[in-house]
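*Asks:* Straight from TrEMBL, here's the annotation block:
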- 24-34: compositional bias 'Polar residues' (COMPBIAS)
- 1561-1583: compositional bias 'Basic and acidic residues' (COMPBIAS)
- 203-270: domain 'S1 motif' (DOMAIN)
- 556-629: domain 'S1 motif' (DOMAIN)
- 1035-1111: domain 'S1 motif' (DOMAIN)
- 1319-1386: domain 'S1 motif' (DOMAIN)
- 1403-1466: domain 'S1 motif' (DOMAIN)
- 1-34: region 'Disordered' (REGION)
- 1503-1522: region 'Disordered' (REGION)
- 1538-1585: region 'Disordered' (REGION)
Amino acid sequence: MEEPLPRGKSPKTPTFSRLDKTSTESTKSRLNSTIQKRQSNSFFDEWLKGRKKRRLHHSFSIDESDSTDELNENSVTFQGPVVLNMFNVQAAEMENTAMLGVVQSVNVRSGRINLISWNHMMVVCEELPELLYPNVSRKDWQMEEEEQEENHDQDNDVVVKPGMILPFSILSITKQGAHWNIQVSILPKNVNRHVDPWFLTKGCLVYGMIYEKEEYGYRVTFGFESIQYDGFLPLEELESKNLKLGSLIWCVITHVKRVDKKAVVRVSTNRQLVCSSKISYESKWPFGCVFPGLRMEGRISKKWKGNWTSIQLASDMTGFAYSMEEKTVNSFQDWRVTFVDFGKRVIYLSSIESLVDFLEPAKLPNSWKLGDILENVVVEGHLSNTKGLLLRHHESNTTLFAPKSQLADFQSRDNTSTSYSLPPLQSIVRCRIIAFSPLDGTIVVSLKASTLSKTIISFDELYPGRRVQCKIESVRDNGCICIIEDKIRAWIPQIHFGDTVGTRLKNKWVPGKQLVGCVLSIFQDSHRCTITAKKKFLDSQYPVIASIQDAKRNIGSAAYCCVYRISSSRGLQVEFFQGVKGFLPVSYMGLEQLPNVEWLSENYPVGKTLKVWILSVHEGSHRITVSLSKDIIKLNSDSSTIVTNGAIVGIEHGNLIVEVYLDSRKRALLPKEHLSDFSSLSEKIYSLLVSYFENSSSILPVEQVVILRSRISSNDCRALVSLKRSLIQFAVAYPSFSNDPITLSEWKANQMLPGFVEKENLHKYLIGSIGNWKAWMDKNEWSLNEKLMLRTPRKHETVWCRLHVDENMERKLSLWTQFDYSDNQDWNREFSFYPTRYFDDLEQWKNRMLQWKVMEESTTQNLFKQGEIVSAQLISKRPHGYVFSLRTDDLKEERVTGVSLAESEQISNPTNVRILEYDSLSGFFLVSPVEDDKAESRSPGTETSLTPLAYNSRLRGIVILIKEEYLIMKIPQLNNLLVYFTSWDPRVRMNLSVIYSIDSVIEGTVYCCSEEMTMLVSMDANEKKKETIEKLQIGDYVIGRIVRISTVHLHLFIPKYSAYGRIHCSQIISEPGMDSFISPLEHFQVGQQLEAKVIGNSHSKRHQILDLTLNRNDTETSEKGLMDWSDLSCRQCFIGFVHKILTNKVLISFSSKVIGVMKRWGFSHDERQLSSNQIFASLRIGQPLHCTIVRLNTCKKLLQVALSDLVKPVHVGDTIVANIRQLLNGAEFSLQLPKWVKWSLRTCRGILSFTDVDDNFDRAVAKISHLRPGKWIKGVIVECTTFKERPVVLLSLRDSDAESAQGMPKDIRWKNLVDLKIGQLVRGFIRHHSSKGCFVQLSSNIVGRVMLRNLSDGFIQNIEENFPLGQLVTAKVIDIQQGQIELSLRESDLSDRQTIYSILQNGLCLQGTVKNIQPFGIFVSLGLGVTGLCHVSTLEKQSTYRVGEVIWVGVDSVDREKGRISLHPLDPVKENGRIRTLSELVGIGSMNKSSIFQYAPVNSEPVHEDSAAMESSDESEVNQSNCEVLQVPESFQLEDEFLSENDDSRNRVNNSNVTMMENSKSQRDYERLEGHSDEEIELERSLTEPQNEEDFERCILASPDDSSIWIRYMAYFISMHQIQKAKETARRALEKISVRKQEEKLNIWIAYLNLEAQYGDDIRLSSILEEACSRTNAEKLLLNFAKSMQKTRKEKAEEVYLRACRQFKHSPEVWMQTGIFYYEKQNNVSAGRKTLERALLSLPKQDHIQVITKFTVLEYKFGSIERARTIFENMISSFPKRLDIWNVYLDMEWKQVSTEEDKERLRLLFERACSLSLSSKKMKFLFKKYLEFEKTIGGNPERVKTLAREYVEKQL
């Protein structure tokens, strides 16, 4: 056999097309090739010893002496089969093999993939987690074994699905006890580990995995580790669109690109390419590149005994195949590799068509299934060595295989002999299907009599509700595993052990128990099922609810279910078969009052069996509503709407209580809006009923009432009923409207549908009707134009709709606005709206009131006729009108009251009034004063007789009375005949008082005419009127009334055209006057009548709006129309009006079509005003402004404007405002300039260098610390240059750049390199770091470089920490060449040695660092390259010093010639003088050693602070003559709790390089004070404590990183009334403390915040808090600051806690501290419980137990103990083996023990815990705790010992 080519050499490219015909000579030469020794296996041998045993193939050998073309059959010697079992599995040597398999099932939860190999071997792969989540560990992926079986939802296979053909490699075979563990892998890195990637060329088939998704495709990995071999799968080459990360794919290489040891290939998953890709016979393909699934062309070289065939492949490789078909020797055929043994170099092939073409896996033919018995099966042949039988089904002509182990029940164990006779050939036998291979289609059958007689149930025969025989295999805490018919494994949850729930029932379930169960759920993909043992489920005669369709078919029927979950106090979730869930509301339980969760948990525990009735089914949301009572089904059924009788029994909270008479009397709620279809009539009726029930308790019977809803809300169990006549009549006509598809399909579009408003949201109304029918209606239906919204319907108000039902039964609801007179044959008047319906309802209620005796029948109703003019006496004037006493000859004593709603200014007394109508419910006449005193009384009959009125005729009248539902008009042409007027359109009908006014002229059509009344309707739907509107032209004048005033528009209604118009502010005034801050709309009011000119006509989807103007002389606007986007250009000036004011911008309206934006920079040039949140406080809505367009984009309709006074040309030297955007390069700010700056300087981008902040860099450091993104500044433009090839403006804040500046600045601006000289000292800011040093910004255009060797005299480990960005440094120029400046920061370069020696004098106290320790003394570095010696004679203990330690020394002598300095150590506390550093004495500050400024940008609002103002305000507060002595606040005491938590300053050891306070001084103090009394020690300590500023300064110099000293220093200033100095000390501490001491800095920040909270304002406190959060650990800071605020400012503490919860919502500590605050500090239990709910929604699941436990402990202490117990019970039921939960639960219960009942409860709890099956270590802990409890309370310790002894014996 040919070995693979060496690595790196390219083989011959394989041919992937069909092999062409070759010459005879080449064919003969291939036939004469030598066949080498081979070893092969047979896939049929897997069944030789039974399917239950996993087997491998046997090997055979070839005689070496055979060299002829045709080999003798005897030359092949078959050996015994190697059976894979527990005894010889290791001898099979299968570790180095790979084979082809098909996925049988996938279990996502356990991460297992079950595969069936090509030889029928079942293997399990556990690599699913690596496919789904490669970075997740196996431990985190797998759930606990108990929790895996608890949830049986259907597996969601993502990357591997059943039926996929995949290769797998056997990695190892190990023995675990009595079982063998076979570890296989389907990952490409293991399957392709023998493949050499250099042989993979274009057209090759590859096995890979998707590992990354990109924009245009996917990244594919093939697992090659030798080289980087990446694949790319373009989207256009995808065969399946459902690929996800981790998907395993077969692909074909379409393009290869190799570079060195890296290759990039493009692949395709096209099915045709994948199936046809093959290795040709002539190619040079090495054996190492053969893998299962590869298609190869081969020549049949020999046929062997037992249907085995030898195949000659590429590169003289030989494979073996088993085939029942006759094969022609020397013929060529395509084969698919199914097995490769890389150790023995054996290849097995298959010629099955479905496998070669990579089609779908084979399936059982003829609809057969496992377990079927086949008749008329013919024996075709006997396999050699009695390995089995080949059978053929006569009817279907299907080949079957019966292995030897399945031929008879009794046979010898010897494989070579049998005790039975084989059936003769061509005999007829019966057999049963026992196995099937989906890869090759092999059907395995059994001829055993026992197998044929057994009742076998296959998995496909199971269905929900089937009774099965089960045997328990094992019992677990949450259920048990059972075997169905000795074949199918199933799961029985604990809640389905029986109809009742309890641990006593569980004890009866033991392994081996036989029982009868019922199939509960089936999961086809994972081949799993669940069983229930509930007796009611088994013996149920009710239908099985296994799907939503089953529930829909059985609405109204009873069914059994079990309680699945308790959904708070709203109800129960129940479960039927197949996981179908239902909901049982508490209102459907037949309870009188709503129960709580505790009551539901006690009476309806999870798992309890319930008999329910199905009420409703909603397929869209899969919601099933059920009920416990059969009586409730009559009240709540959706199948029919109930119209019944009842009685009004009382009034409750503004609604009426009605008793509904069904089988029994049930209480229902009748909202007052449901008394009538008209809201005004409902109000009148309700007021009468209120008066009645105040004086009487009698019930009021109602003949008809319709039941709309089963309950009002989740908190009200009563039904909702209605007395609306439209709904009652509609329910009578269509009782099954909501569920009857025939009714919906035949619904007429012109038919009215009555409904009512149930609720509304921002854009829609929810319209309800009978039978739980609901639909949404767009709010635009109620708008009279797209922006104008008048009065809209209220809740429960009647709405008549138009219903459209399409072919798909989708419903669309619209508003009924007009009536079609041409098609009214199907119009139902009973429940539809018609103009006189209000009067019909009024008459009906009048008769009902008289019948109830709520009101008495009036005798004055017929005294006057409508329209009659009578004399009246004015009695009084009311807010709504006048009250008259009407005179008549028929009544002499009784007074008749008349009410006028007119607003007349003068009314004579007596006067004449016209009778308009009689209000039957109120008992008075509505009248109208008559202006003509000589008017005569006329009868209406005489008037109507003059001119007969016809239906649909047109009349015009004058309005004299406006009511909510109608108008009353007089017709002058008919002798002032009084008529009623209304509209079909509900929008007009609801806004009559807005649209019309008294004395307005209206035209309408006659709807009805009788002696009682004449009714007109509006002409809204008249086509002639529409034509009139369209005839309106630009320039015409119209008259309308103002119906609404918005921000910049007047909205008018034009009655003449029944149209609407709008007037923009720009069309009211052309130029603003003196009062320009007043909106021009303030001069108008609603109801005012205006005459306007038409300038435009806007059309929307539904409405037509007229654009009007009040400028009569504006001819230009009339000709051009309104301003449009096409009329605009930059730099134009217009008058705009404020439309909307926001925080950072203002919307300016220029016309009805154009709206612009004015930002902060366009409103002001004052930087303080720009930084204020109240910048736009001076503006008013509608205020006119002169604006200039500074930015315009007509395509996007983007318009930015600015005040015209601000827009002007800008030049270099001008002052301008700018906004800081971000930090650039560590020493520059990026600025945003106003947009109009670009007109002059070609850019609006600016840069502010740190060197241009101030003339003195020391002051610049303080100013820079206050500059943040978003802050506004004002500076001078000094230059316009380029930055990164883009123009920028350089801005300066220096006073020297201002025109009025005088004097020379301390730090000048370097403009050119010529100004700098070598050796000169300069100052600048650190700009940038690199690996070779850093860069220093000397000016805005000069940057110097500092190499590493020039940074310091000593070694610097981290440049960023020692020289942070933005730090002010002093440098020396050491070189200038080629435009580059070299600088040095070394202290030795910055100073002169002779100057240093002149400064050093005897007795000088200095700070130094121990540099070296020698036997004769220690060398101390004083800085600036100067080192001195402390001789050993001056040292007390030399061993106490360490290299790098900071010490304080005094100068003894200085030898300038030799450069020697003698020193001695000092104690800084005893020294009265100030200890300084050598750098300070020389004049070189410490800026090069510590960070003065560290910039940290924060995403917050601009910081507004004025240092001078704050300083003066603080001084003014404390520098008062009569102020009391300021007490030190509690926040600054050393015993404060935040200091004790974060910095245990009492017992802490300072780890800094300053060791004076810890080591040497502490030891010396202890030795000095030893033997003294306590008083002497206390006196000594008081003398050493700092007493003044100098003492504190010395302590700080000794320990600059000690936060406790700084805090005491701050407290000292507070006690001295120097608040500002305390704040400065805090700032100073933050600068001095090292960046490594974050805990120390945290203490200072908290102290600083407490100081500001105590003596500052909230604005500055918020600013400091934002800064602190950005510079330290924000989580710790917020928690500690909130904790310190709990005693003084609880509201501030709550605000900080809530912020921490928002910012760190994934931190358990934040939520627990917030809960402690609510429970313990505020005693707000409800807020604490809500905090827990929010925490569980935000935290990851692994933190839930910790947080719940903490909150439950708080609930024990401050809340409800019963609630806490319920929570603990739920936790231990879910996690029974969590000892930490048990421990806390037991401890909390122990603390509650006070009575004997409490002791017994805790004792039972201990018993439950000790009965668990935990580890011995955990059980020991529980028994010890139980024993301690019994001893403490004086109980029975022997009981505990007995339990412990029983546990030990059980374990043994």
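Numbering starts at 1 and runs along the chain as it is shown here.
Cβ from N, Cα, C; glycine included.
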*Asks:* When secondary structure is assigned with DSSP, how many helix, strand and coil residues does the domain 'S1 motif' (203-270) contain?
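*Replies:* In the domain 'S1 motif' (203-270), the DSSP-based counts are 3 helix, 40 strand, 25 coil.
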*Asks:* Tell me the residue counts in helix, strand and coil for the domain 'S1 motif' (556-629), as DSSP assigns them.
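*Replies:* Going by DSSP assignments, the domain 'S1 motif' (556-629) contains 13 helix, 35 strand, 26 coil.
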*Asks:* Do you know the mean pLDDT across the domain 'S1 motif' (203-270)?
*Replies:* 85
*Asks:* Count the residues of the domain 'S1 motif' (1319-1386) that DSSP assigns to helix (H, G, I), to strand (E, B) and to coil, and report the three numbers in that order.
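*Replies:* DSSP composition of the domain 'S1 motif' (1319-1386): 7 helix, 35 strand, 26 coil.
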*Asks:* Based on DSSP, tally up the residues of the domain 'S1 motif' (1403-1466) by helix, strand and coil.
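*Replies:* Residue counts in helix, strand and coil order: 6 helix, 39 strand, 19 coil.
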*Asks:* Count the residues of the domain 'S1 motif' (1035-1111) that DSSP assigns to helix (H, G, I), to strand (E, B) and to coil, and report the three numbers in that order.
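*Replies:* Going by DSSP assignments, the domain 'S1 motif' (1035-1111) contains 7 helix, 38 strand, 32 coil.
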